[in-house]
Amino acid sequence: MSKVTVVGAGNVGATCANVLAFNEVADEVVMLDVKEGVSEGKAMDMMQTAQLLGFDTTIVGCTNDYAQTANSDVVVITSGIPRKPGMTREELIGVNAGIVKSVAENLLKYSPNAIIVVISNPMDTMTYLALKSLGLPKNRVIGMGGALDSSRFKYFLSQALGCNANEVEGMVIGGHGDTTMIPLARLATYKGQPVSTLLSEEKLNEVVASTMVGGATLTKLLGTSAWYAPGAAGAYVVESIIHNQKKMVPCSVMLEGEYGESDLCIGVPVILGKNGIEKIVELELNADEKAKFAASAAAVHKTNAALKEVGAL
């Protein structure tokens, strides 16, 4: 029997749990939240769609009862607060680091062999924190960001090409941030044909720019962070692990010399399977892409340094 726990029953966490159930990724999905009744209510609401949508997954909600998460195969951490007006980067990291660290430690008490998928922001730094503080093998701690950014990239490519997003292949590497992500336009294809031969350089640059501000654009429209695509991206990563699909998915993972970088979690393509990260795939980047990746890594290192400043590591 397979089991997934999603911590945080807010918009992203609830969407992730809902997609996991609808796609019957696991036999049981547990949602845990600190707010009394929220996860229980959302779980009940979702279960009342089972007959309508035709899924058999059981969804359980609980308030801070980590015992109910016991023996989870994968745990997804969405907990944390958004950055508030006037809040410094260090303050946000300090608050969310405390939350993520506590959540991860409690989860592992009951599911010592679980694979951890991190969605909480700043995602690359929270993934690094979870890995470092728990002392787990690097294959078991994975940040979701690249899967989401790549999905947005494919959406904007499909809009420019006038095709279905499923007909496009595209990948985003680097940090999960609007100035650190690197949409790899050179490698994007439509039905096997390089997109660079189908779109003008100007149009392709527009697609890249739209991808990089994709999250910010949605925040401006919604008045809050997006949740459908982030939640679905988390579920997509979990599905590849639980079903041992061996998909190549860009995720934030610990590098130890790959791409010329070490001691940080950052987005690169990996093969996902039952062991979590089965393999890190090293792409042949050109000089411009290598320079952008190095700059992205430097920015992530700088953010990670704040973990020590606030005493989280």
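Heads up, the Cβ atoms here are built off N, Cα and C, so glycines get one too.
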>> Need one residue: from Asp33, Asp73, the one Swiss-Prot lists with Gly8, Ala9, Gly10, Asn11, Val12, Gly13, Asn96, Ile119, Ser120, Asn121 for NAD(+).
In response: Asp33
> If you count Cβ atoms within 10 Å of the Cβ of Arg89 (substrate binding site), leaving out that atom itself, what do you get?
Replying inline: 13
>> Quiz question: given the binding-site residues Gly8, Gly10, which has the greatest number of C-beta atoms lying within 10 angstroms of its own C-beta?
In response: Gly8
> Roughly how many angstrom lie between the C-alpha atoms of Ile119 (NAD(+) binding site) and Arg89 (substrate binding site)?
Replying inline: 17
>> Between the two most separated Cα atoms in Gly8, Ala9, Gly10, Asn11, Val12, Gly13, Asp33, Asn96, Ile119, Ser120, Asn121, the residues recorded as binding NAD(+), what distance in Å do you get?
In response: 17
>> Can you tell me the CA-to-CA distance separating Asp33 (NAD(+) binding site) and Arg83 (substrate binding site), as a whole number of Å?
In response: 19
> Of Arg89, Arg152, His176, which recorded positions are close to Asn121 (NAD(+) binding site), meaning a Cα within 10 Å of its Cα?
Replying inline: His176
> CA-CA, which of the recorded positions Gly8, Gly10, Val12, His176 lies nearest Arg89 (substrate binding site)?
Replying inline: His176
